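Here's the structure we're looking at; comments come further down.
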Amino acid sequence: MDHQLTREESQRLMHLLKLPMEQYGNFPLMRKAFLRACKIVHPDKGGSDELSQELISLYRRLEESLPCLSTQDFIETDILQIPSYGTPEWDEWWKEFNKDFDLFCNEAFDRSDDEQEPQPDDSAPIILSPTYPARSQATPPKKKAKMDSPNDMPADLMEYLSCAILSNKTLPCFLIYTTLEKVELLYNKLSEEVLSPRFNQVDHKYGRKYVPIFIITGTKHRVSAVFNYCATYCSVSFIVVKGVIKEYPLYCHLCVEPYSVLQESIEELNSEFFDAPEDAAKNVNWVAISEYALKINCDDIYLLMGLYKEFQSPVPNCSKCENRMLTNHFKFHKEHHENAFYLQLVENQKTICQQAVDGVIATKTVDMAQMTRNEQLAARFDKLFERLEVILSAQSSYTISMFMAGIVWFENLFPGQSFKDLLLELLECMVSNIPKRRYWLFTGPVNTGKTTLAAAVLDLGGTIYISDCYLIELEVANSQIHGCVEVLAEKVKIRLPPGQGINNLDNLRDHLDGAVKVNLEKKHLNKKTQIFPPGIVTSNEYFIPFTLRVRFCKKLVFKFSKYQYLSLKKTECLGRYRILQNGCTLLLLLIYHCDLDDFAESIQGKVRAWKERVNSEISVSTYLEMRQCCLEGRYSVCTKYSNANTAQ
């Protein structure tokens with residue numbers, strides 16, 4: 001190596017490699033330094049072309065003077081000279097290879113008892129050949145001691161344990177199975193650190209060296225988390241951990257033969273720490289909650305949770321059941337009391353109620369897709385009949401006289417016009433749903449009854465209410481259109497701050513037309529395409545653009561009436577009980593003035609019953625008297641009937 005490079009060249013090479021001269025000859029280190037230096041001095045890396053050529057030239061000259069340092073070359077050369085095993089050439093090569101080695105040992109060993117093979121003749125040397133390989137005298141490795149440990153829990157405990165292998169479910173109770181020596185350590189560690197055992201340590205008498213530990217933790221954990229924690233203290237000893245699904249039965253089973261309690265942190269546990277055996281199998285009835293939400297037509301998750309929470313109170317002393325005013329309570333309290341008690345114990349109350357609400361929305365969607373609009377309106381009338389049964393019960397503050405006062409107020413709203421015919425025409429427009437013939441415009445001065453009538457129609461047909469037509473409110477309202485029969489857009493403004501009502505409504509021309517389906521969005525749900533429902537638009541005396549005027553089939557002009565204003569002011573019960581905004585008022589108006597054949601056949605029985613009840617309590621003379629009082633701006637509820645009903 002020194003003969004290829006001069007002293008000066010060697011020093012120059014080590015300088016380029018940035019190595020001290022003491023490392024000259026340490027070829028592996030010089031090789032690494034060479035590769036590193038090539039990256040530094042290479043022209044493409046910003047180095048010098050002259051230094052790069054000088055480094056490579058010196059290193060190549062040094063490398064040529066060295067013998068082959070790769071063992072792979074020797075191995076490949078040696079392998080090429082050895083013939084294939086099992087051939088006559090290999091036998092000849094093997095004899096030639098071993099001819100200079102004398103492995104004979106003139107020595108005798110005492111024969112052990114377990115040796116079965118005969119000793120070879122001492123006079124002949126042992127020849128190492130493929131046919132007679134030499135016997136090794138090395139000490140064989142010791143076999144690992146076989147641990148006779150169980151792989152699973154005792155069979156009599158399996159019915160109380162979870163057999164899930166790959167599960168992320170968290171549990172509060174676990175059973176740990178390990179050796180008797182590790183039990184005391186684990187019991188103390190579980191008490192001090194991660195987990196807190198509430199009770200007991202039990203001796204398994206089938207071998208008396210394996211012991212289960214039954215623990216309950218403050219919070220829920222995965223089985224794998226408990227196993228990993230215990231495994232840190234059981235590197236040699238076996239450990240089995242399983243979740244407990246029947247806590248109290250397992251505890252009782254471990255307290256009797258063939259088990260015995262060694263130690264427990266709380267003595268003589270009772271069922272209060274667990275679910276009772278008869279209650280363990282009981283769960284919240286999701287179907288019952290879904291059926292309840294469907295019966296009361298509740299699509300608000302928080303309202304449903306609140307209503308169902310009221311069922312937890314005892315039935316005998318419930319004031320709402322005694323008053324019998326809220327049908328969504330007193331009709332279902334007794335039936336759902338027990339299920340409401342179990343609902344308060346679970347953590348996924350919102351999930352359960354959300355599923356029930358989704359079921360209501362799904363039912364509405366199916367009804368909209370399969371039922372005709374006549375059938376939908378008849379179903380709405382049927383629900384209003386149920387409401388009338390409740391609010392006109394014996395314990396209610398409502399009276400038929402109040403509703404008749406509301407009827408005569410509506411009949412005097414448009415002098416010279418039949419309000420019954422006007423209402424029937426409006427309902428016919430909503431039911432027929434003809435494109436560009438489906439929206440009505442209520443316009444007029446302030447405080448003339450536009451919103452009052454529109455709200456009553458809204459409650460009669462089951463509509464959605466849009467106030468002022470703000471853009472953000474329209475976006476929210478679009479998500480609520482699903483399942484609606486009609487729409488009310490109220491207080492549409494123009495040229496007044498903020499004054500964007502007409503502009504926003506003008507952007508909904510396709511919605512108002514009803515000729516094509518439009519996309520309706522709801523949060524967290526996909527877009528739904530449907531015909532936008534018909535409806536009513538209320539507005540003050542503003543200019544309506546032509547693009548909107550052509551989409552209104554009728555325009556009702558409201559005018560201020562002093563006698564209507566005074567009558568409403570003096571008849572306080574109409575405002576206090578919101579009689580005029582109640583759809584039941586318009587329904588009773590139709591029942592009172594229309595023939596039985598004008599109604600759908602499915603509800604004619606209820607119409608006949610209510611017509612008889614109204615005629616029996618309100619005579620024709622009483623009705624005419626109430627109407628005259630309204631025209632004169634006086635108290636319009638029949639005083640005689642009202643006092644008689646109050647005395648009762």
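Using the three backbone atoms N, Cα and C, a Cβ is placed for every residue, glycine included.
According to Swiss-Prot, the protein carries these features:
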DOMAIN    12-75  domain 'J'
MOD_RES   SER112  phosphoserine
MOD_RES   THR139  phosphothreonine
MOTIF     140-147  motif 'Nuclear localization signal'
DNA_BIND  154-272  DNA-binding region
BINDING   CYS318, CYS321, HIS329, HIS333  Zn(2+) binding site
BINDING   GLY444, PRO445, VAL446, ASN447, THR448, GLY449, LYS450, THR451  ATP binding site
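A map of Swiss-Prot features onto the structure.
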residue : record              : DSSP (3 states)
CYS318  : Zn(2+) binding site : coil
HIS333  : Zn(2+) binding site : helix
GLY444  : ATP binding site    : coil
GLY449  : ATP binding site    : coil
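Sequence-distant contacts of GLY444 (ATP binding site), defined by Cβ-Cβ distance under 8 angstroms and a gap of at least six in the same chain, are LYS450, ASN540, GLU541, VAL557, PHE558, LYS559, PHE560.
Helix, strand and coil counts from DSSP across the DNA-binding region (154-272) read 38 helix, 39 strand, 42 coil. Ranked by Cα separation from ASN447 (ATP binding site), the binding-site residues CYS318, CYS321, HIS329, HIS333 are led by HIS329. Comparing Cα positions, CYS318 (Zn(2+) binding site) lies closest to THR451 out of the binding-site residues PRO445, VAL446, THR448, THR451. Across the structure, THR448 (ATP binding site) and HIS329 (Zn(2+) binding site) are spaced 37 Å apart at their Cα atoms. Nearest neighbour of THR451 (ATP binding site) by Cα distance, taken over the binding-site residues CYS321, HIS329, HIS333: HIS329. If you take the Cα of PRO445 (ATP binding site) and the Cα of CYS321 (Zn(2+) binding site), they are about 45 angstrom apart, rounded to a whole number. Looking only at other Cβ atoms within 10 Å, the busiest spot among the binding-site residues PRO445, GLY449 turns out to be GLY449.
Taking the C-alpha positions, the distance from GLY449 (ATP binding site) to CYS321 (Zn(2+) binding site) comes to 36 Å. Other Cβ atoms within 10 Å of the Cβ of HIS333 (Zn(2+) binding site) number 20 in total over all chains. Comparing C-alpha positions, VAL446 (ATP binding site) sits nearest to HIS329 among the binding-site residues CYS321, HIS329, HIS333. Residues within less than 8 Å, Cβ to Cβ, of HIS329 (Zn(2+) binding site) and separated from it by at least 6 positions along the same chain comprise LEU307, GLU310, PHE311, CYS318, LYS320, CYS321. Those residues of the chain, other than CYS318, CYS321, HIS329, HIS333, with a C-beta within 8 angstroms of the mean position of the Zn(2+) site C-beta atoms are GLU310, PHE311, SER313, VAL315, LYS320, GLU322, LEU326, PHE330, LYS334.
A Cβ within 8 Å of the Cβ centre of GLY444, PRO445, VAL446, ASN447, THR448, GLY449, LYS450, THR451, the residues given for ATP, is found for these other residues of the same chain: ASN540, PHE558, PHE560. The domain 'J' (12-75): residue composition by secondary structure is 48 helix, 0 strand, 16 coil, according to DSSP.
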